[in-house]
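The annotation transmembrane segment is assigned in TrEMBL to 5-25, 45-69, 89-115, 135-159, 180-205, 225-250, 279-301, 533-562, 593-613, 625-646.
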Amino acid sequence: MRDSYLIYILACSFAIGLFSILLSLTNNKIMKHDVSMWRTSLMPIVFTLSVVFAISAFVYMAYVGGFFIKQQQHEFLTFQKLGMSKFTIIVIGFLQTFIIQVIAWVLGIIEALIFQKFFGMLLLYLMHVRSNFTMYLRLVSLTTLLQIAGYAILVFSIMNAFRTYRIVRTKKSKARKVNFWMRIPAGTLGILLFTTAIAVTISMFANFENFGYQSYGDRIIMQIIYIFFAFFFGTYLIYFGFLPVLLTVLQKIKRISYSGLNMFSFKYLKNRMKHNTSVLWFVTELSTLALMLLTVCYFGYQLIYDNYHAEYPFALTANSDTADDVRNIINDSKTQVKKEYHSNIKITLVSTLDTSGHILVQRPASFMSYSEYMKLPDKIRQNNPYINPHQFMRIGFGNNETFGFSEEKVEWHVKNAKKIVTRKNGSSFPYGGGMYAGSLMIVPDAYYHKLSTKATDTFYGWYFKHGDKLSKKQVKKLDRLRNAYMISVNAKSNLNDSEFTIKKYSSMDQSPNNYIQSGFVRQESAKRHLNQIVGFFIFMIAIFSIALLIALGSVLTLRILLRDDHEWRQLKTLKKIGVSNQEIRGIVRSENALTFIIPLVFALMQSYALILLADNGWNSLKYEFMWIFAGYVILYGIIGIITYLISWRSVKRRIN
């Protein structure tokens with residue numbers, strides 16, 4: 001009991017400490033001053049996440065706090081038989097919870113005050129912000145925290161007082177025992193739901209590969225709803241029906257029930273697993289959710305970085321109109337140029353399908369020869385499909401594009417030139433997507449030279465040693481060159497009759513037929529924002545992941561450690577009838593292993609099937625999921641081993 005209280009207090013104080021730290025970060029002066037995005041974007045997110053964290057912690061503390069009252073059921077009933085009044089017993093339950101919660105809140109607030117600077121410095125480090133974090137907890141925030149603590153302590157104490165009342169009340173509703181034969185159809189239905197969910201998932205992916213997402217989109221919503229429903233309820237029915245039936249059948253088989261454990265030992269183990277049905281299901285579903293969120297967040301992190309490198313392949317890029325001015329600004333700064341590249345392009349009109357795939361739209365497009373493309377650095381080309389000198393490749397962006405490779409068929413009607421049909425699609429623009437008014441087509445040299453157009457341009461790219469060293473004054477001067485010119489399209493019914501003109505950029509002329517050509521694209525400004533956003537979300541994901549891991553691990557640990565008087569008597573009876581300490585230790589080890597392994601197995605199957613639904617077909621999540629699940633298993637394994645050691649020490653002390 002002492003170990004259980006200690007684990008519960010530490011888990012609660014950890015959650016309270018993290019909540020206090022999140023609350024203090026929202027109004028921290030250093031974050032507001034040194035992080036440019038804090039006031040506008042990140043502070044509201046921190047506040048929202050702190051509210052979500054508080055609600056989750058409240059549910060955890062209320063749910064797990066009931067374990068202790070339930071575990072003392074026989075003690076309270078014994079007090080009642082000895083003549084203690086119901087009111088006194090209820091007050092005991094109330095005060096017991098009140099004291100535990102006060103200790104947890106005091107420890108949590110102390111932890112927040114001690115570790116606030118550490119977490120703040122960690123956040124600034126992940127966001128690549130060079131600043132010294134200062135501890136800061138406003139009086140308003142501290143008052144709010146103490147008010148929340150007061151209300152929470154009172155609510156939890158009243159809840160456990162009510163639970164105590166339900167134990168000692170005179171008129172009790174009879175506990176309904178579930179018939180063994182009712183569990184068989186329930187377990188069968190659970191297995192059926194679970195297997196059909198896996199089958200539907202496999203079927204969906206087969207159809208995605210054959211017909212694509214758009215043509216198969218009619219039934220996808222209903223099937224996804226069914227998959228979530230089948231996994232959610234199927235898992236519970238398996239725990240409720242199939243697992244007890246399986247253990248009962250194994251109990252009847254002497255070769256198994258007598259293998260290292262006698263029949264009474266196996267019966268004790270079976271009853272313990274049946275009592276933990278709801279906890280196992282609860283941990284399974286939350287573990288599934290955690291694995292899904294971690295994998296998708298990691299995938300999103302990779303996607304953001306891939307998109308960033310596609311948008312900003314050079315430290316600085318410019319077109320022919322602004323290249324000389326940009327070069328002069330670079331020379332006037334302390335920036336060291338590592339290498340400079342340039343490529344010639346042609347601009348003409350093309351007719352392509354819009355995002356709906358049904359309407360032809362005329363728009364400008366850029367063309368680069370194969371020879372010019374191959375002169376670019378390998379790291380720019382490696383994110384696009386391989387092409388030979390005679391192939392075409394479209395590099396595009398928009399709602400119908402994917403990040404990475406795609407084999408979608410592309411048809412371009414080019415003004416006064418041969419039609420282009422290709423299945424080579426990339427998303428990594430040479431010189432960055434911001435430098436192009438539309439899509440880019442890499443074409444064979446012969447096609448490029450034959451392409452007649454009145455508009456040509458040259459793009460320049462610079463690599464720097466240790467980033468650019470532009471001053472704020474130079475950056476402001478550079479900003480004046482942001483928009484080089486505009487391409488105005490005058491579309492006709494026949495593409496060859498359509499015209500486009502190059503004119504000076506005007507902020508007043510925002511016609512949908514006007515396309516803006518950027519004068520330059522700078523990596524450093526985007527890099528700073530990217531580092532701040534990515535670092536911030538890594539910090540938040542890490543906090544929530546650790547908190548969830550501790551919460552779920554402590555739920556299983558407490559469920560294993562907390563045994564009522566009847567279960568303790570069973571263990572003592574096993575000892576009296578001659579079961580050795582080694583065999584009882586085997587019971588504890590088996591219970592511990594099953595309690596931790598079963599949720600992991602079901603969580604793995606569910607989360608992997610559901611993660612496949614988030615896979616876009618070109619960017620596989622398999623490797624990310626394998627690494628995350630391996631880490632999850634290792635951490636849970638460590639918690640399981642610690643739980644086993646604590647549980648066996650407690651059992652050994654009680655039975656000897």
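Along the chain as shown, the residues are counted starting at 1.
From the backbone N, Cα and C atoms, a Cβ is placed for every residue, glycine too.
Heads up, TrEMBL stuff is auto-annotated, nobody curated it.
Tertiary neighbourhood of the transmembrane segment (279-301): same-chain residues 231-232, 235-236, 239-240, 534, 537-538, 541, 545, 548-549, 552, 555-556, 559, 595, 598-600, 602-604, 606-607, 610-611, 614, 619, 621, 624-625, 628-629, 632, selected by CB-CB distance under 8 Å and a gap of 6+ residues from either end. Counting Cβ pairs under 8 Å to the transmembrane segment (135-159), the top-ranked stretch among 5-25, 180-205, 225-250, 533-562, 593-613 is 5-25. Tertiary neighbourhood of the transmembrane segment (533-562): same-chain residues 1, 3-4, 7-8, 11, 14-15, 18, 22, 37, 42, 45-46, 49, 53, 56-57, 60, 63-64, 67-68, 70-71, 122-123, 125-128, 276, 279, 282-283, 286-287, 290, 293-294, 297, 301, 304-305, 591-592, 595-596, 599, 632, 635-636, 639-640, 642-643, 646-647, 650, selected by CB-CB distance under 8 Å and a gap of 6+ residues from either end. Beyond the ends of the transmembrane segment (45-69), by six or more residues, the same chain brings 4-5, 8, 11-12, 15-16, 18-19, 22-23, 25-26, 93, 96-97, 100-101, 104, 148, 152, 155-156, 159-160, 163-164, 167, 536, 540, 544, 547, 551, 554-555, 558-559, 562 to within a C-beta distance below 8 angstroms of the stretch. For the transmembrane segment (225-250), same-chain residues at least 6 beyond its ends with a Cβ under 8 Å from one of its own Cβ atoms are 180, 182-194, 196-197, 200-201, 256-257, 266, 269-270, 273-274, 277, 280-281, 284-285, 288, 598, 602, 606, 609-610, 613. Within its own chain, the transmembrane segment (593-613) is flanked in space by residues 194, 197-198, 201, 204-205, 224, 227-228, 231, 235, 238, 243, 269, 273, 276, 280, 283-285, 287-289, 291-292, 295-296, 556, 559-560, 621, 625, 629, 632-633, 636-637, 639-640, 643-644, which lie at least six positions past its ends and keep a Cβ under 8 Å from the stretch.
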